[in-house]
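For reference, Swiss-Prot has these:
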type	residues	note
BINDING	Cys30, Cys34, Cys37	[4Fe-4S] cluster 1 binding site
BINDING	Cys251, Cys258, Cys269, Cys323	[4Fe-4S] cluster 2 binding site
BINDING	Cys310, Cys313, Cys319, Cys341	[4Fe-4S] cluster 3 binding site
COMPBIAS	350-364	compositional bias 'Basic and acidic residues'
DOMAIN	16-232	domain 'Radical SAM core'
REGION	340-391	region 'Disordered'
Amino acid sequence: MTSPVPRLIEQFERGLDAPICLTWELTYACNLACVHCLSSSGKRDPGELSTRQCKDIIDELERMQVFYVNIGGGEPTVRPDFWELVDYATAHHVGVKFSTNGVRITPEVATRLAATDYVDVQISLDGATAEVNDAIRGTGSFDMAVRALQNLAAAGFAGVKISVVITRRNVAQLDEFATLASRYGATLRITRLRPSGRGTDVWADLHPTADQQVQLYDWLVSKGERVLTGDSFFHLAPLGQSGALAGLNMCGAGRVVCLIDPVGDVYACPFAIHDHFLAGNVLSDGGFQNVWKNSSLFRELREPQSAGACGSCGHYDSCRGGCMAAKFFTGLPLDGPDPECVQGHSEPALARERHLPRPRADHSRGRRVSKPVPLTLSMRPPKRPCNESPV
């Protein structure tokens, strides 16, 4: 019997009538200043979509039969109409998964969430201890996230996720993350560090080493059966047998995934917020559905893609050349190997002088930190301690 998987992949590559995974950043306002923030969040954009405009988008998603939307930011819960929009979405058959640092997940909010259908909550943690996490996310952010997990567990909220960006500093804590998730009845989700947003400045110091990539792969194969990874780690697939890692081994940008930002701009990928990947705007280009179906960028991405320099590699069918955003923001050709290619094929290009594209906009608060990263820490310190007033 022929496996349906290749046919499904072919459909994904040609693009679907609606995205499977739609990320919507409701606001750039944030109470934290994480060093790797992919959207360089901090300050609210004055052109942020209004409540009415957001509801119009939700109406459109309902007509397109979008299953659910990933809501992020920034910190989405600081937007005054956040809960109104969540209620509106679920009432219009659009499920919501939102990512939060936990700042607004009080016992009362947790109780409300536990009584709500079609809402999924994801708490961001980048260290299994305060020492590791707070060096990335800011002083007090670990305790804040754990407090949110405690509140959700006490309220009986089922299915909370702990979302971890894997870095050089926390890859050794994988077992501890799993223990933490078990303690609060949570599912562990791990994602890849991308060199986008503020991550552009710290990627070289924070992305896992080659040995750590192998360590991560081995852990996922042996212990990661119930760990969510999405499409984060298909670049690791050549380390083992085909199919050993769960997840989608293709770039879904503009085919099955995309992003709407706070002002209504639509990008091909949540990790590629740059003019090069801007497909249109929901306000000025006839709505989201028109952008999704008719954008010239999305049409181009849905055409058969050349394997380029990776075509002669025997592992191409496993990794498909890796992550488009990771290549773009490290100044590598889009038809070449991933900067973290486990076969080492990107090393010659990384050794050469490259132009590193800058993010489209920086919403950070205060002056950017540009001094060299201390080698003893292998990272840039957070810009400021946790502050619950983001606006």
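Cβ from N, Cα, C; glycine included.
Here the features listed in Swiss-Prot are placed on the structure.
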| residue | record | Cβ contacts under 8 Å, 6 or more apart |
| --- | --- | --- |
| Cys251 | [4Fe-4S] cluster 2 binding site | Asp231, Cys269, Arg320, Gly321, Cys323, Met324 |
| Cys258 | [4Fe-4S] cluster 2 binding site | Pro19, Leu22, Thr23, Val266, Tyr267, Ala268, Cys269, Ala279, Trp292, Phe298 |
| Cys310 | [4Fe-4S] cluster 3 binding site | Tyr316, Cys319, Gly321, Asp335, Gly336, Pro337, His345 |
| Cys313 | [4Fe-4S] cluster 3 binding site | Pro337, Gln343, His345 |
| Cys341 | [4Fe-4S] cluster 3 binding site | His235, Cys319, Gly322, Glu347 |
Taking a Cβ cut-off under 8 Å, which residues six or more beyond the ends of the compositional bias 'Basic and acidic residues' (350-364) line up next to it in the same chain? 28, 33, 37, 39-45, 74, 196-198, 200, 273-276, 278, 328-332, 339, 383
Surrounding CB atoms that lie within 10 Å of the CB of Cys319 ([4Fe-4S] cluster 3 binding site), all protein chains: 24
PLDDT averaged over every residue in the domain 'Radical SAM core' (16-232): 96
Sort the residues of the compositional bias 'Basic and acidic residues' (350-364) into helix, strand and coil with DSSP and give the three counts. 2 helix, 0 strand, 13 coil
Residues within 8 Å of the Cys310, Cys313, Cys319, Cys341 Cβ centre (excluding the [4Fe-4S] cluster 3 site residues themselves): His235, Pro238, His315, Tyr316, Arg320, Gly321, Gly322, Pro337, Asp338, Gln343, His345
Cβ atoms other than its own within 10 Å of the Cβ of Cys30 ([4Fe-4S] cluster 1 binding site), all chains, total 27
Hey, does DSSP put Cys310 ([4Fe-4S] cluster 3 binding site) in a helix, a strand, or just coil? helix
Determine the most Cβ-crowded residue among the binding-site residues Cys34, Cys37, Cys269, Cys323, using a 10 Å radius around each Cβ and all protein chains in the structure. Cys323
Compute the mean position of the Cβ atoms of Cys30, Cys34, Cys37, which form the recorded [4Fe-4S] cluster 1 site, and then list in sequence order the other residues of that chain whose Cβ is within 8 Å of it. Leu32, Ala33, His36, Ser39, Ser40, Ser41, Gly42, Gly74, Glu75, Arg137, Arg198
Surrounding the recorded [4Fe-4S] cluster 2 site, with Cβ no more than 8 Å from the Cβ centroid of Cys251, Cys258, Cys269, Cys323 and those residues left out, we find Asp231, Gly252, Ala253, Gly254, Val257, Ala268, Pro270, Phe271, Ala272, Met324, Ala325
